[in-house]
Every structure is written in structure tokens, then in C-alpha cells.
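J.: Pulled these from TrEMBL:
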type     : residues  : note
TRANSMEM : A:21-45   : transmembrane segment
TRANSMEM : A:73-91   : transmembrane segment
TRANSMEM : A:97-115  : transmembrane segment
TRANSMEM : A:124-145 : transmembrane segment
TRANSMEM : A:165-187 : transmembrane segment
TRANSMEM : A:199-219 : transmembrane segment
Amino acid sequence: MSLNIDSIAGVFYGYIPFGDIVFYFTEFSLIGFIIALFFTLVVYLTKPEKQLEFQIGDFGDKLNYVSLEELKIRRLMAIVCGICTAFAMLTGDLFDYALFLAVIGIANMGIVSAVKKEGVLSAAFYYGIIAMISTLPLFGASALILAKTGTLSILELAKNSHDLLFQKIIYAVGMVGETGIAPFYAAKAEMFRAPGAPYILMIHLSSLLIIVRTVEIMLNVH
Amino acid sequence: MDIGKIWNYISKPEVVPRLFAAFLCLILAIEFFVPTTYYKDQLYPKDIPQSQIFKSSLAPYDRGGVPLIKPADIKTQYPQFEPIRGKITAYLTPLSQWLSEKTPYFGTTIVSTPGGILDEILYYTRGMDTILESLTLLISFMIFSWIYLNRERVE
Amino acid sequence: MDIVSYMFGKSIFVGMIVGILSLYAISRQKSDLHTLLLTDLVECAMLVIIAAVGTDLAEALILPGLVVGLAEVLAVSEILIYRNEVRKNNLMSDNKKLRLFEEFLAKEEPYVNTDVNFNKMEVIYSAPKFIGFILVLYGAFLTGFTGGAVMASGLLFYLLSQGAIGNGVSFNDIKHSWEAISGFSGIMWAFWILLGFAGFFLFPEHYLFFLVITGCALALKVGSKLGLIGSLRI
């Protein structure tokens, strides 16, 4: 079966084959890849921010800082999240993309959960519950697409029209639960005064790029 | 009803999973009204169920081929990127080869010894999936052990 | 009409019913612990839908789905325990230590007839060693992810039973070896990607060598990692 490169949106620059899973470069995916890698580098090099908390009705201000062990685990999780976001831009397989989303989701949970504060841990827990629920629509939709069309490759799915509206809807809902909802909980964590700016920002960036990439996949697959 | 109250209600972290589950419930219920069709010409097809029992000791995972000599014929997505297609499927370790001559039930455990159709898919043709899968386990274990070992830490 | 496509629609129907019912239960649930347990049921529905495809590919796709679910349960349950501990400490500042998976254990100790002398029961001392040994050997024969899981269950069973008869490993003992074993597991993961997975595509003629490396490295990775959980008992 020859590789179908004509029906993909944008200019096709090249591909890396790993057996059935082909990573391909178009204008869009290349730009997303470079942005994600650049921000990963920024996260690696930046020191986390510190916060000064005013005490209302009391004397003395409280300094919130990130201790060294906490910095290490949160930076590692942010880097994993960034690298996975970068490669999720390139992948040409629906199930592989779903697994990338699962890794990003669990890395987001790791970034948030290293803070020893009740509100932050609570946010991490409820985010984990949503991520676990949304494996059903995400992997289920990939299986339904496989059953209906006989392939998982985005390049092959782009070739013919298959009438996949319902499957695409639940795939998108799965994406929303797995990473799209992450900024909501990250914002919750920020509201509870958790320090550590670049790591939390990685959640926002990865979720933004993943949403755009999912839209691109959903438009290509038809 | 005041819309501010609704915003305040859904801003609680514990409410969102419940709302999401209810929403997903409604979406999935559409499935009953959508016709499910099954494409006949699938990748990596299986034999007819129960058709290999007692005909081959590797049942139900016998996909043909001779270890190290003749690769099995399997249907993959992009054969041109897979120069050793079918060779891992046909391979059996010496120990498992000896066992398969002794017993007709060896197929129940072949799925996890080196060689066999599932190893071909998991390690070679879709190896990227397995990398991400074990990465998920690795990361969740990191979170688990970090939280566990740093429990006594004080801020 | 062959059996797989005949059963496909019915299997999807069953999977969706399971999924919708458990999702409905989650949407009505107030308790955090019950929500966590019900999400496991949602993952079962996902596995049913993948299995309905009924090809070798679907069988290979079940394993990633299963592992993702398992990994998330591991992380989320630990976060829940930690959250509850922090909450309790905030309420009253006495420092009580929690045991692993305390949420799943009975809150009130049931009445036990303490006249039974467990020290005289030989089977408690000998059986765990034997069963653990058999499981580790079988896991080493299987290799790969399944082999790692079998190996880990052997280790887990042995260590948990040692804890039950009071010979458990203490927290201070495990803290030093923990880093070493989990580091070993991570190195095995990298070893598999660099030597196993990349080797298949760079040097296809030596595929046998890479196949054996892949299987053994994965087994060691999963086995050592999951086996560690058994040693956690304070």
C-alpha cells in the first residue's frame, strides 16, 4: 500500500516511518513541533518564580518558594509533557495520538500534584478522575474508527470519505477530558497560591497545541 | 435563575467530574441511533474462531511460517517500511519450540514468549505504542513514589 | 456472515451500556473513593469496545489501554490518600502515619480470635516463598510486558505476605534501596528504546538479537517496578 500524501492539508515535507506508525511533517505540524520544543527548553532553563503572600489581619508576610526536590520532579514532568506535545504534533496514527494524550494528561497531573497543599491536591485528584473517564471516549472512538474503516493511519483515512461524524465527536470529547480541561485545574492550582510559574504554563501551552492539532486531525480525517 | 450562581457552582473542582460524566453519558447515548458497520477487510486478521484447535499446537495464534527460515504472511498497513515483516511472528525460542512439540495447548502462552504475532505488533510494527504505554507506567510510578517518599516533608 | 462482524454490533452495545451506566453512577456520586472505584468500571467498558473489533491488532491495542488505566489508578489513588492526609493534618495537627492504600482497607478492625497461634502455622512461612518463586520463574520464561507483570505479582505476593506475618520491611530500610531499584527500572526502559526498538529499524538483519533484548528489558522494567509496591508497608 503506497503512502498517501496528497489529501493531507498543507505542504508535505517528509516522513519518518516506524513500521505502521508514520510521523509526518507538514507546515502546521512542523511549526507546532518547534514551538513545543522551544518552550521545553525555556522551562528547562528558567528558575521558578517565588510568591510573597500578605497576611490579612496579621503581621509578617509569607514567602512561598519551590524546594529543590519539588523543583526537580516538577521540571521533569514539565519536560516530559513538552516533549510528548512536540511529538504528538507529528504522529500520523490515531491510536498513537490517543496514547500521547494519555501521557500528557498524566504528566500534567504530576506537575500539579507535587505541591503539598490541600486545594492543589484536590484539583489534581479531580483532574485525574476526568482523565480516567475520558479514556473511554478516546480509545473507544479509535476502536470504532478502526472497525468502520479498517485502518488507524491518518494518511489513509484522509484518502476517502467514510462518514465518521459520531466517532469524531466522541474522539474530540475524549481529547477535551484528557488534556483540554487541564488549564481549568491548573488555574485552580494557581488560585490556591501554588508557586512555580514556568511549569504551570507548560500545561496551558500543551493543552492549547493539542486542541489545535486535534482540530487539524479531525478536519483531515473524513 | 441567576447566571452568576451557575458559574459559581461549576467553578468547584469536585463538581466538574460529575458534570463531565453526565455530559459524556448523553453523548454516548447517541451511539444507539448510529448504525454500526464493520469493514470486512481488516488489518492483521484472525482465523475463524476455534478453527485451529488440535490442528496446530500454537492455536489460536498460528499465523504460518517456520522459525528463522520462512516469515509468516501477515497483513500490515505499510509493508514497504517493514523489511523483516513476519519474521518475528514465525520465531519461537528453543525452549518454547520444545514445549510446543510436547503439548497441543502451547498457544495459550505463546502470546508472551519472545516471538509470535502479538510481539510483532507490540515491538515492531506498532512499537511506538508500547513505548508510550510503558512511559505512562513510568510516569505514574514516579508520581506515586515521589508522593509516598516525601510524605513527611514539611513546607 | 462471519462471527466477528455478527458479534460486533452486539459487543459495542454491551460496552456502551456498561459505560453509560457507570458514567451515570459517577455523575450521581458524592464520595471521592467511590468515584475512583467507578472510573475503573468505565475503563472496562473501553476494553470491551476495543475487543469488539476482533483482530490481532485489537488484541495488541488492549494492552496499552489496560496499562494506561492501571497507571492512572496508581497515581490518582496515591494523590487521594495524600490529599486526605493533608486535610486531616490541617484539621488537627497530630502526625499520624498512613498505610499504603489505606482507603481500601476496613476502617474498623474486625474481631479476630486471638487465641490462634499463627507462629505455629508452617504453611504461612513456606507457601509464599514457593508461590513467589514459581511466579518469578514463569515470568522470566514469558518475558515482555506479561512476563514482567507475572514476575511482579510473585514479588508482590511474597513481600505482602511477609508483611502480614510481621517480617515487613521498615520504611527506613526501603528508602535507600527504593531509588536504586526504580533507577534500574528506568535504565531498562531507556535500554529497550535505544537498543531494542531503534535496532529493529536501523539493523533489520539482526532482528533476533533485538527481539530478545526487548523482551528481557521490558520484563525487568515492569517486574522491578511493580514489585517495589509490595515492599511498602509501614
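Each residue's number is its place along the chain shown, starting with 1.
In case you wondered, yes, glycine gets a Cβ from its N, Cα and C as well.
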J.: Where among A:21-45, A:73-91, A:97-115, A:124-145 do we find the most Cβ pairs under 8 Å to the transmembrane segment (A:165-187)?
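T.: Comparing A:21-45, A:73-91, A:97-115, A:124-145 against the transmembrane segment (A:165-187), the winner is A:124-145.
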J.: List, by number or range, the same-chain residues at least 6 past the transmembrane segment (A:199-219) whose CB is under 8 A from its CB atoms?
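T.: Counting only partners 6 or more residues beyond its ends, the transmembrane segment (A:199-219) has Cβ contacts under 8 Å with 9, 28-29, 32, 35-36, 39-40, 43, 48, 74-75, 77-78, 81-82, 84-85, 88-89, 94, 97, 101, 104, 108, 111-112, 154, 168, 171-172, 175, 179-180, 182-183, 186, 189-190.
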J.: With Cβ-Cβ distances below 8 Å as the criterion, list the same-chain residues six or more beyond the ends of the transmembrane segment (A:97-115) that contact it, or say none.
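T.: Non-local partners: 70, 73-74, 77-78, 80-81, 84-85, 87-88, 91, 121, 123-124, 127-128, 131, 135, 138-139, 142, 174-175, 178-179, 182, 185-186, 189, 194, 196, 199-200, 202-203, 206-207, 210, 217.
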